[in-house]
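Written below as structure tokens is the structure these notes are about.
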Amino acid sequence: MKILQASSSCLITLLLILPLVFAASSSSEDFDFFYFVQQWPGSYCDTQKSCCYPTTGKPAADFGIHGLWPNYKDGTYPSNCDDTKPFDSSTISGLINSMKKSWPTLACPSGSGEAFWEHEWEKHGTCSESVIDQHEYFQTALNLRQKTNLLGALTKAGINPDGKSYSLESIRDSIKESTGFTPWIECNRGGSGNSQLYQVYVCVDRSGSGLIECPVFPHGKCGTEIEFPSF
Ligand code: 5GP
Ligand code: 5GP
């Protein structure tokens, strides 16, 4: 009788624990790595659509953050994962000054940046909540921008935002030389139809702390020679 009681209480404990074990393991597989994406303002602005400077004024002539995007190794990605955690600027009040400098919005009409940050948090940030909370999400992106210093990497190799064309290979190599990892370069078309350096993707581990080689690259194509517009 005692044995029967003991084994049934074991069974009940097991039944109570199992869902927790599954919940923990599924949330640890909710994405594999991040793309950290930075945009060149000159290339956002010189397209046929043009741009609007933020209400705080013209951003510095430097790469700005577009987003930190959780991704799967098969190239697909989750989005809008938790509508119970809306963007809350009070969680990043200590970061706002850095955000305005490093994550400026260029979309029209002019804004402070909050709408852009809100969009990025809701679409992408909510999918990394198992690892980092809202404050950490934005802090992680700011740290990564400092760490990658794309403009420094390019100018060190003699690649300057001067409206001239550079080989895609030299752009990729200079960033690899400086960060240690191969970036993905995304191009767009300038006003005259030219292929130009628009966004740079680097891959980041699940914790958001270290760069990694990309498990998979996005799709898209640049020319072999691409323009680096001024801003
Ligand atoms: P586009 O279609 O202009 O390349 O991308 C539009 C938006 O879709 C991006 O700004 C981003 O929010 C999302 N997106 C595009 N490609 C990827 C990707 O490979 N991974 C993730 N996580 N999001 C992406
Ligand atoms: P994604 O392409 O990541 O889904 O999000 C881009 C969204 O953010 C678009 O709705 C776009 O209008 C808005 N947005 C606001 N500012 C910027 C900006 O400076 N660059 C880009 N690429 N999108 C911006």
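For all residues, glycine too, the Cβ spot is worked out from N, Cα and C.
Database features (TrEMBL):
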ACT_SITE  His66  active site
ACT_SITE  Glu120  active site
ACT_SITE  His124  active site
SIGNAL    1-23  signal peptide
Glu120 (active site) to His66 (active site) - Cα separation in whole Å: 8
Nonlocal residues around His66 (active site), in sequence order (Cβ under 8 Å, 6 or more apart): Val37, Gln38, Gln39, Glu120, Gln199
Intrachain C-beta neighbours of His124 (active site), sequence separation six or more, cut-off 8 angstroms: Gly67, Leu68, Trp69, Pro70, Ser79
For Glu120 (active site), the number of other Cβ atoms found within 10 Å of its own Cβ: 21
Collapsed DSSP category at Glu120 (active site): helix
